[in-house]
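**Student:** What follows is a structure written as structure tokens; I'll ask about it next.
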């Protein structure tokens, strides 16, 4: 699990080490240089004789980059630093010059001169602004960063890309677009948020000794393969279909029958012990034609999925929402055939049309998960009297606080706000842009319903569902190289899950995130 922290938390964690005289800058610079050397070898086949351009700011971020540049220069790399401010980190500048590197002033370069230096580089290092930077850039720095992002050489960002807020993830449009961000001590929470994700590239965490001094509770989380192996409900010899979890689907309509097929496919292929379908007969027949193991009658269930493929004015939407409202102890469920069954406090997914059936004052437990995309989240916020123009992290948190439900806010970076702790965000970025296709959310709703039916907490179920959904999409699109349709994603779920679980058996398997 990747545990990410705010800029303030990282600064506070640094203080005991700095007070003890720990050379944090030298540790960071040494680790940065190691990554840069590896990337040079990967991209060019060597190190000596290559050229690296360093964009340098006035503070410690620039100092990290200058000291790393000195290490590269001593290995035969031609290093040129472009200083973006009148002031430079003194020791870092001295180290670079002493190793044979050159320092140019941005104020003395015209656009052609900047382009010439960047065009000759095999690698560009962004060491302008670190965790103290803002998501607001002025010229001529913005022009320099745009030129760096447009250059052919890959950009390595130091700690955070310049122009990105390390805590919120908000990014200036001109923020540098890095291939790799080498971050020190702890992953910065902003790097996991929408906005920053488009600029950070691959995140590599360097340990400089901060871990014992960081808060126990991170600002944001990201689940990785190790978490899937630890949390996924893999059945054992004593399990049966009911212990594995029964998920009921109240989804799909004559206008959108495919939503029911896709949700059923997602639920079944994610490992539900039983999938029930309780929608219109004509839609049920389509579901059974595709998945004959689906039970076409209501009955015992551990989770309900409602709303996918339903118009917001469909009475099934409000009825499903009311089934999932918070209740004390047990509740009595009236089945379609007139029988009554006691079920525990509700677990389920409110998706698509059913989101519009949520009313002010409705309260849910944290094992009810709302799954809006950005537009649906804004409309729901407005209906509940909340600000609808909040940034995605704050919007997800606000909806979770208002409703008590866990909120899975879909997007290129999917955010999960825990209904039990709304400020605790989980961020997943496992998918390919090809996943932006009709019906993909229906498959996700089915996966999530299965995980909730297994008994997992809402936020963990939501994070795992987003991870597997994204991984299956990557497999279906051949590593992000080809189009896909939603049914492809569902069909790749077992293989994607098997590849993650099988990795645990290989001695050389990667052990996950930071």
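In case you wondered, yes, glycine gets a Cβ from its N, Cα and C as well.
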**Student:** Which of 385, 439, 441 does TrEMBL put in the same AMP site as 410, 411, 412, 413, 414?
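**Tutor:** Among 385, 439, 441, only 441 appears alongside 410, 411, 412, 413, 414 as AMP-binding in TrEMBL.
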**Student:** Can you tell me the three-state DSSP label for residue 63 ((6S)-NADPHX binding site)?
**Tutor:** helix
**Student:** Using other CB atoms within 10 angstroms as the count, which residue among the binding-site residues 60, 61, 162, 414 scores least?
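**Tutor:** Fewest other Cβ atoms within 10 Å, among the binding-site residues 60, 61, 162, 414, is found for 60.
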**Student:** Could you state the whole-number distance in Å separating the C-alpha atoms of residue 162 (K(+) binding site) and residue 441 (AMP binding site)?
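**Tutor:** Residue 162 (K(+) binding site) to residue 441 (AMP binding site), Cα-Cα distance: 34 Å.
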**Student:** If you count the other Cβ atoms within 10 Å of each Cβ, which of the binding-site residues 63, 411 comes out on top?
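**Tutor:** Per the Cβ count within 10 Å, the most buried is 63.
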**Student:** I'd like to know which of the binding-site residues 411, 413, 441 sit within 10 A of residue 373 ((6S)-NADPHX binding site) at the Cα level.
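**Tutor:** Hits: 411, 441.
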